[in-house]
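To keep things clear, I will list the structure first and then write my remarks on it.
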């Protein structure tokens, strides 16, 4: 557990450790998971901070994300270019927020961004309908889907502007104690 | 920490230059760095970790904080600050190494991940609960073994006619095991060693007392924490289900498909619930009430009947044993197994009857149904344990000579037979159910893992272990082995036979209820029984560490007297005489606690009122915000039309739409949803005017500043 690894410099590892919820060992283990996705693309030596990205198709094929209905949105939210191609930083950030040590507010912020399909800082009815279709295999009829979305907005919209802002969402999450354990991917 | 409006704003829509926005964001960052520099290192790290920014920005902020910290201390000895930085960094590294070492030693980490991935969080909670109970037993075994058994093994007491080892001991716990350190009877009442005298009586008493007190503290703390986290303002309704309940940790395709189906079914149910609620007539209500009453009567009758049966069986058992105390034949010994067998059989069959009865009832809320089943099972199990305790406390001490060992043996038998029945239950309940459900009767279906029933079984087993600590100090070892094997047994059965649960239930609330059940009837009951034994019953005359005393607690009283006469250390004696023995002290404490409870209750009432008031305020603020932004845009529009030539870089589009909702393109296919703003949205009804209230406010402020400058 000493300074035997040659992948990162000590400063890089310290920076990663301070900015994510992972320990050194986990960061190195995650690096190897990242590298396994595209071994010919990712160098073993990150001391010079190379700028490489793993394309979204490979990220989406990870066993932890493969079946998740929101994997594309997750990759987009955490990737720098907004399209799902992730650098090592994005990768670590993603799993750090989705780990069990991240606090509720941080998770709620990112969950909000994931469910906000059109990236306008509000979850409006269309975002909810898209979420619903992802979660129920598009088998609810249009009427039912519309009714459910209306119900959601009725219950959760506090400032009555017809859509959910981050505050509304965080307030609703505050009343759902399961959220911390369900918004969690083990790696 | 401030949240930046950075993230998802499509700047192109507003037509602002990047410069203005970047300037504002930079100044925001500078404020953030200033805040961070003012904190201590550990707080800094925690604060940086929870910033909602991408990793690169966080690293950037971190380096800025470091630089400004260094520049602040620039005047002081750089060597010193360097050294202290190194030291604190190496401490942090050490701490991180310790944490990762602890994590590597965590038991069953891989299995838990696998189970969580296939079956979801609620089934995983059963295994986490099992692991937690295992920790209690490991701790108990270690301190009992260390403080009570090991000294006794060094100087074993004189044994009377030892019986040879026959195979039956493993099941009945009697015979060869009778005189060993497994039971109370195997301990002497003397002292061990010469100069630092180790008093076995005090060791026995204080070890068990210390363990029970620690358990109580740990349980109370867990219940309180769990309650605080999970029972705050619980929600109902589909908002929660849609946005919060999707379990991201499930990785198996089948499980996910199932979840999606369940969610759909639940949503459909909740939509139809609304229409159904109004249509219950009085006669139907009366009928339902009658059914509920009937089922409660039946279940109570069943519970009482089983308790009576167990009591009379126990008495009969006592008769058989009493006659042949010393030379117990094989048959008599085997007949002692009858009582545990019947108890476990009752524990197996009656809950099944309860769930059958439950199916005839209709509850408006599925959660109420689960609570009712849990309540009935708890009554049954605690009733059985209660009647057994009564039998042990009243009938056994008067009949049998070394009665504590006998109770210890009874408990040993109960624990072992309970384990055997759990294995059988898994086999019949899950394996056969699966086979029948898939081959013979497809309508029956694949079984689900019944979390409530399994957790209640665990709680029952743990209660037995807690009761048994006084009578059989090594019983935690048996319980440990049992829990260990149970983990693997349940895991295998789960993987082979069960499907993921259909209802995505309130896992967190169920956790709280289970921990509360573990504390309230289970631990408190065990504690009261041990307390009653220690304070009221006369220990047996010829065996055990408390032989010859009137009550067990007398050992402490005698010790205090001895200390008092030696008069070297007066304060424990003073505490004993004035605090523990005096009733006034306990009255005062109870009174103070009641007053405090009343105060806290009033505070919670006040807070509830505050919450409703704040909610109203949020709604009003929302309306104010909408009104003010409206006004802001009107004013800016006016400014635009008057000064459009002077400010070419602020291009707010003329086709200004004040709609509060965005109407997106419904025709778009749901499959390929990019996260980017669609290029078509630039021309159409552009710029949701309320997209970034902050951006608007910043613009207005900038304008106001510039006007001020111009004004000078």
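The count begins at 1 with the first shown residue.
Cβ from N, Cα, C; glycine included.
These features come from TrEMBL:
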COMPBIAS  B:641-654  compositional bias 'Polar residues'
COMPBIAS  B:663-672  compositional bias 'Acidic residues'
DOMAIN    B:402-508  domain 'TMC'
REGION    B:639-690  region 'Disordered'
TRANSMEM  B:123-147  transmembrane segment
TRANSMEM  B:202-224  transmembrane segment
TRANSMEM  B:293-314  transmembrane segment
TRANSMEM  B:334-357  transmembrane segment
TRANSMEM  B:369-393  transmembrane segment
TRANSMEM  B:464-489  transmembrane segment
TRANSMEM  B:510-535  transmembrane segment
TRANSMEM  B:584-601  transmembrane segment
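Outside the transmembrane segment (B:510-535) by six or more residues, the chain places 122, 125, 129, 205, 208, 212, 215-216, 219-220, 222-223, 226-227, 229-231, 370-371, 374, 378, 382, 385-386, 389, 393, 451-452, 455-456, 459-460, 462-463, 466-467, 469-470, 551-553 with a CB less than 8 A from a CB of the stretch. Taking pairs at least six residues apart, the transmembrane segment (B:293-314) and the transmembrane segment (B:464-489) share fewer than three Cβ pairs below 8 Å and do not count as touching. Residue counts for the domain 'TMC' (B:402-508) under DSSP (helix as H, G, I; strand as E, B; rest coil) come to 84 helix, 2 strand, 21 coil. Residues of the same chain lying 6 or more positions beyond the ends of the transmembrane segment (B:334-357) and with a Cβ under 8 Å from any Cβ of it are 168, 171-172, 174, 295, 298-299, 302-303, 306, 309-310, 313-314, 317, 320-321, 373, 376-377, 380-381, 384, 388, 409-410, 413-414, 416-418, 420-421, 424-425, 453, 457, 460. Confidence across the domain 'TMC' (B:402-508), taken as the mean pLDDT and rounded to a whole number, stands at 87.
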